[in-house]
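Over in TrEMBL, the protein carries these features:
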- 307: Ca(2+) binding site (BINDING)
- 150-182: disulfide bond (DISULFID)
């Protein structure tokens with residue numbers, strides 16, 4: 001047991017003994033907040049050390065692989081994903097900068113450098129004109145985009161304001177394009193809810209082609225992107241798209257005891273998995289609530305949402321100076 005022994009270990013079947021980028025790279029907000037609350041800098045120092053190691057490591061084409069060997073400090077297999085295994089690392093570079101009241105220059109630089117590499121190597125446009133984020137396997141692209149990857153539209157839009165050399169409009173546009181692709185993945189199903197993953201190959205676009213990718217488990221990422229796009233552009237289509245999702249959730253997922261995931265979003269008959277995931281309440285419903293509320297409910301200038309949609313206060317510069325004076 002890790003607690004009494006102090007020994008942590010991964011399930012070897014999950015990662016071949018490597019640590020997973022989204023796990024060790026997604027501690028910034030919580031640990032910095034913990035240092036802020038406790039007055040003990042050790043928590044923030046731990047996560048900044050992880051970041052320094054990653055910053056110094058050679059990265060294939062500027063991309064961060066999903067696996068890092070904790071013993072050797074070297075990357076495992078060169079798989080890169082902005083969806084599962086990688087997603088929240090990128091989100092936390094940006095959000096650490098935002099939570100620091102835009103003083104964390106290292107987080108900012110690492111984020112925009114990473115986005116540049118993602119744009120160059122992973123973002124592609126289908127023949128039908130849909131922008132998507134592919135997965136990278138040792139230099140080869142797999143033209144598949146996961147539902148989890150759909151959060152990136154909101155991330156690009158949220159990061160637009162600080163984008164280098166006047167690229168603000170470009171980042172908003174990128175967010176809008178990802179939002180549109182993810183909406184298409186919902187719209188092209190019978191249930192009007194998006195599959196776990198969808199592909200852009202063999203003549204299909206934004207459609208799941210494998211049976212084990214056709215499920216929807218009440219995930220929030222597409223709604224999350226609609227919420228950010230609404231807040232940052234106020235284009236009414238985002239509320240319209242979100243309402244389509246609300247109606248589909250009510251019609252297809254609502255059951256006597258709550259809400260259930262669905263095994264096949266392309267079927268005309270619901271086959272429920274009989275599970276209400278915890279993120280349905282913490283994220284899917286919360287982002288919907290924020291989307292249809294006024295902007296001054298948890299405004300972005302004062303709050304940053306962690307990857308499970310818990311609000312963390314922006315640590316404003318003047319707050320820090322007040323505390324210094326009190327010491």
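Every residue gets a Cβ built from N, Cα and C, even glycine.
TrEMBL does not curate its annotations; it predicts them automatically.
Given the structure is predicted, the values throughout are model-derived calculations rather than measurements.
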**Asked** Which one, from the disulfide-bonded residues 150, 182, has the smallest tally of other C-beta atoms lying within 10 Å of its C-beta?
**Response** 182
**Item:** Inter-residue Cα distance where the pair is residue 150 (disulfide bond) and residue 307 (Ca(2+) binding site), in Å
**Value:** 13
**Item:** Around the Cβ of residue 307 (Ca(2+) binding site), the count of other Cβ atoms that are within 10 Å
**Value:** 19
